[in-house]
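Listed features, source Swiss-Prot:
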type	residues	note
SIGNAL	1-24	signal peptide
DISULFID	32-78	disulfide bond
CARBOHYD	36	N-linked glycosylation site
DISULFID	46-93	disulfide bond
DISULFID	55-108	disulfide bond
DISULFID	59-110	disulfide bond
DISULFID	113-120	disulfide bond
């Protein structure tokens, strides 16, 4: 009788531990999701700040310790799944000024990094020289 209860308890614990990481990934605080961001917009006749909806967060990715010709390297990045352009007028602009058209995210997803419009290198080539690896200091 004791062994039966122990086996049942082991099965319940194993099932709970198996489901927990699955739920943690979807409820993760830093996962890929919609995020409000304030940006500064300028043009000759006016300037100001606007708040847009964009995508931000972490995506699960793997990085092999060795280069392989059989296994393609890919990195997951948080990017727009669905988006549209929205017309934005800045406060303080003279009347008759053309509006800004800003891409606004409607939904986000972790997708394979597309090298045609995203810097997918491990260390960006555009990294400012003042940023150094603390291990190299």
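Yeah, the Cβs are placed from backbone N, Cα and C, and that goes for glycine too.
Recorded features from Swiss-Prot, shown on the structure.
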| residue | record | Cβ neighbours (10 Å) |
| --- | --- | --- |
| 32 | disulfide bond | 21 |
| 36 | N-linked glycosylation site | 9 |
| 46 | disulfide bond | 15 |
| 55 | disulfide bond | 21 |
| 59 | disulfide bond | 18 |
| 78 | disulfide bond | 21 |
| 93 | disulfide bond | 16 |
| 108 | disulfide bond | 23 |
| 110 | disulfide bond | 19 |
| 113 | disulfide bond | 18 |
When you put residue 36 (N-linked glycosylation site) at the centre and draw a 10 Å sphere around its Cα, which of the disulfide-bonded residues 55, 59, 78, 113 have their Cα inside it?
55
Within 10 Å of residue 32 (disulfide bond) by C-alpha distance: pick out those among the disulfide-bonded residues 46, 55, 93, 108, 113, and say none if nothing qualifies.
55, 108
Length of the line joining the Cα atoms of residue 78 (disulfide bond) and residue 108 (disulfide bond), in Å:
7
Based on DSSP, name the secondary structure state of residue 32 (disulfide bond): helix, strand or coil.
coil
Please report how many Å separate the Cα atom of residue 110 (disulfide bond) from that of residue 55 (disulfide bond), as a whole number.
10
Which one is it, among the disulfide-bonded residues 55, 59, 108, 113, that lies nearest to residue 93 (disulfide bond) by Cα separation?
55
